[in-house]
Amino acid sequence: MEFLRGGAALLQLLLVLSISRCCSTDPDRKVCQGTSNQMTMLDNHYLKMKKMYSGCNVVLENLEITYTQENQDLSFLQSIQEVGGYVLIAMNEVSTIPLVNLRLIRGQNLYEGNFTLLVMSNYQKNPSSPDVYQVGLKQLQLSNLTEILSGGVKVSHNPLLCNVETINWWDIVDKTSNPTMNLIPHAFERQCQKCDHGCVNGSCWAPGPGHCQKFTKLLCAEQCNRRCRGPKPIDCCNEHCAGGCTGPRATDCLACRDFNDDGTCKDTCPPPKIYDIVSHQVVDNPNIKYTFGAACVKECPSNYVVTEGACVRSCSAGMLEVDENGKRSCKPCDGVCPKVCDGIGIGSLSNTIAVNSTNIRSFSNCTKINGDIILNRNSFEGDPHYKIGTMDPEHLWNLTTVKEITGYLVIMWWPENMTSLSVFQNLEIIRGRTTFSRGFSFVVVQVRHLQWLGLRSLKEVSAGNVILKNTLQLRYANTINWRRLFRSEDQSIEYDARTENQTCNNECSEDGCWGPGPTMCVSCLHVDRGGRCVASCNLLQGEPREAQVDGRCVQCHQECLVQTDSLTCYGPGPANCSKSAHFQDGPQCIPRCPHGILGDGDTLIWKYADKMGQCQPCHQNCTQGCSGPGLSGCRGDIVSHSSLAVGLVSGLLITVIVALLIVVLLRRRRIKRKRTIRCLLQEKELVEPLTPSGQAPNQAFLRILKETEFKKDRVLGSGAFGTVYKGLWNPDGENIRIPVAIKVLREATSPKVNQEVLDEAYVMASVDHPHVCRLLGICLTSAVQLVTQLMPYGCLLDYVRQHQERICGQWLLNWCVQIAKGMNYLEERHLVHRDLAARNVLLKNPNHVKITDFGLSKLLTADEKEYQADGGKVPIKWMALESILQWTYTHQSDVWSYGVTVWELMTFGSKPYDGIPAKEIASVLENGERLPQPPICTIEVYMIILKCWMIDPSSRPRFRELVGEFSQMARDPSRYLVIQGNLPSLSDRRLFSRLLSSDDDVVDADEYLLPYKRINRQGSEPCIPPTGHPVRENSITLRNISDPTQNALEKDLDGHEYVNQPGSETSSRLSDIYNPNYEDLTDGWGPVSLSSQEAETNFSRPEYLNTNQNSLPLVSSGSMDDPDYQAGYQAAFLPQTGALTGNGMFLPAAENLEYLGQGGALYTPVR
């Protein structure tokens, strides 16, 4: 059995400055950067690869061996022992890859995110025979490879490769990292030599005893945690070892798993701070070492910075790179940090290959670039494949503020109209922490029209080489002393620039220049004045006066007095003046002496100027300044210490006395008030209000009715708390009857229910609006009874369900307007309804709805904005989200319920959220789900409904806004609602039925309560087809009437639409839709059983005649049910005693057809 043998290899990664090509600090250990080109083929590919890896032992990044030819020598790869990233062997024709000393692949970078070792497509086919392979990889000599720390292996499309299928990869890879293994054998028959008979398990990389696979894990004893050098427990390697070992100690490792500290493998490097057990303090570690790659080093490379014990390429956000004792480190910024931007390949530009039109603006106002700057042909011409447009050369000036580049600067293309790199005129340092190709940090190639560089501020190229190639017109490059810019002896310059006509300005030193003129000098022969080399500074003459400091001309401060025969100043600032122009306070020249300036200890500083112009301090007792020394020079009153003390004591005493007096007076006032309140409470009556609120009194009138005043007819409905009857109310002392609805409470109801009914009565008695149901009176019997107006057509929900095919868009929009008007009235009265739904809206007639059911309503005071409920049964699916979750009710939560009510109307009585349990409604609303768009609604109507369902109550519309929105839509209903079919006119037969079933002495409740308003009842105006009469649905008249919700056609219409129109069309405004719960039209003497002659006889009976014949003109009823709609209506024109028919007869004025199911008042004859 063969195991690893030999002495321990003490791996010392003393990594230094260059990260480009191979460099070394120890003759036996060399480190090189590696590449990340993947499958890209570069110019001079083999030569660049040979120069990169010759003599290299450790590759920091990736080892990429690609595109080698059959006869090329790869023996320079034999020195490589460790790779930090991945190993790529692809597209090669060479027969052998001699990586015989490679022990460890760390896998810090993975190819395609999965693979650490890739061997693929290493062959070339015979052009004449596609199935015959001429050349290709035959031997992969990884003879000492024993460990891959992370990632998997891929071997595919290598038809000539031998022996690799014998390798046991599970001894090499780490199973804990879940490696991806993609091993695809090739079916091509090849002639391979077998492994040496001494190889364990017949595993080898190539024939011969020196190429057997080295096992360091699978054949170890059970006591070994990781690797071993033999089968015994004593042969286990240290836990910090990687790739095997020669002994059990951490110094016997062939490679280190984490960090190498002078030949000892550790998991961390010595930290900057340690705990001192003697002083019990955290002190600096005298043996500190910095983490650099996989090594612990005493000093970071000069072009790297130190932060938290590590060598990094750039500081993190909020940190500034500074130079301390010759070491560059990261410190927190003092104030605002200079703007640091990502370069190509870093951060936001990690997937970008060059500066282009999409990212050039990201470099605006940047001081430092973390990364690289690359400008190539695609930067300016764009890339159609990636949809990158061309870049305007003027945008390059976004780079003019850049002072430092941590990586490299590569220019492979430049605009023809720019002859220099003057956009980088402020660039001071190129760090070269990453390098281009063969280790270059500054590259200018293929820019043939470039005449000079123009990098006048460049002072340092920290690492990497410089190359200026194919720049035939470039001048002045050979005049530059590049050694002045370099920081290492290994750095070099390559250029093929012109050598003629390269005379620098006379003021430039022998270090050369970046271009013509005194502003392009690398260094000045004499002095530098603001970036311009001059012969001398303005020391004794000239303006402004200057001082010479470190070869620079520095302008004197404005407080320095200009001298003629001597220097005006010795440096910048007011402290370096030879003589002050005004006054001098110590070394500082100032325009005036300190006057009341706040100093240390929050004391004011006062000074005066003596005869020499020197500022001297005033006397300590001078509080207003002084003009000279001593107390005599003080300004203002001079107060001695004793008088000052007396004044202070007197002031304090007076303050205490005043405070005591105020406390006594307040206490006496409080005691007096308590006594007054106590006396008032003991009186039987209070003679004056103690805390007047200022609110107006509620002067609503509540009638107390006797049970004998009304009689019940039939049951309209019943519920948990009582029964509702249809009945007639006959007020005492009056010979009239009023149709009413009587709500009778059950006698067994609880006191709480009685209180809730009284609360409802209070609310209903307090409202007075055409679209809000009023309370007529209350009867306080054993079972409380509420008497309200009777709505003949029942609730709106049942109406739209039963008569879906007969309802038109104008009715729907009118109902929306009227409900919004009623709710707007309640909002103005500070009343929150809390139970608005289609079931709680009643129809007086199809053109007039009223809001009812105030069982849950709450009246808010003037300063209340919301009502907090305490539970109970509530209509969850009509409630706003905040009402469901927090039991909070506002006018805006009523807006939500209004939206659900409108949805019910537009869907003709569909159930909201049907099929969803009530307990899930809150989560459904929070997830953004809402009721769907009704089929008849256009998007305009649905958007208004959706606004009512916004989560934020303040985002929902107010009711007054909803009135305006739906009023506008009601003027043009066919534009906003799409409904098939129309509501037909009332037939004469149904009209006869309504007339014959009416009572002669029935009076409308509104007329009885408000007789002075002369309420003219609204008819139920039918929906007429768009081409029918009397009014076209989409006519200009309908769109321009004053209020589309009112039947104001008689007021607003021109007479031309009524020319030659039959009287039956204008008179048949009574709906033939009825509610069987309110009207029973099945009597045997209805219009079905009457002939036309009998009907006419009925109308000719003498009791229908009126001797007081009124000849005044008739007025169309229109929409006169609502007194607010009677704009322009003159009550005097109405008949006071009856209505004239077409045959000269009158109908009694007391006959109210509306409450017997009639849709409107009758003013024209029935033919």
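Glycine too: its Cβ is placed from the backbone N, Cα and C atoms.
Small disclaimer: the values here were computed from a predicted structure and weren't measured.
As written in Swiss-Prot, here are the features:
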ACT_SITE  Asp835  active site, proton acceptor
BINDING   Leu716, Gly717, Ser718, Gly719, Ala720, Phe721, Gly722, Thr723, Val724, Lys743  ATP binding site
DOMAIN    710-977  domain 'Protein kinase'
TOPO_DOM  666-1167  topological domain 'Cytoplasmic'
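Residue density at Val724 (ATP binding site): 17 other Cβ atoms are found within 10 A of its Cβ, drawing on all protein chains shown. DSSP assigns Asp835 (active site, proton acceptor) to coil in the three-state reduction, outside any helix or strand. Each of the binding-site residues Leu716, Ser718 was scored by the other Cβ atoms within 10 Å of its Cβ; the lowest score goes to Ser718. Across the fold, the C-alpha of Val724 (ATP binding site) and the C-alpha of Asp835 (active site, proton acceptor) stand 19 Å from each other. Ser718 (ATP binding site) sits 18 Å from Asp835 (active site, proton acceptor), taking the C-alpha atoms as the reference points. The average pLDDT the prediction assigns to the topological domain 'Cytoplasmic' (666-1167) is 68. If you measure from the Cα atom of Asp835 (active site, proton acceptor) to that of Gly722 (ATP binding site), you get 18 Å.
Cβ neighbour count for the residue listed as 'active site, proton acceptor' (all protein chains, 10 Å cutoff from its Cβ): 20.
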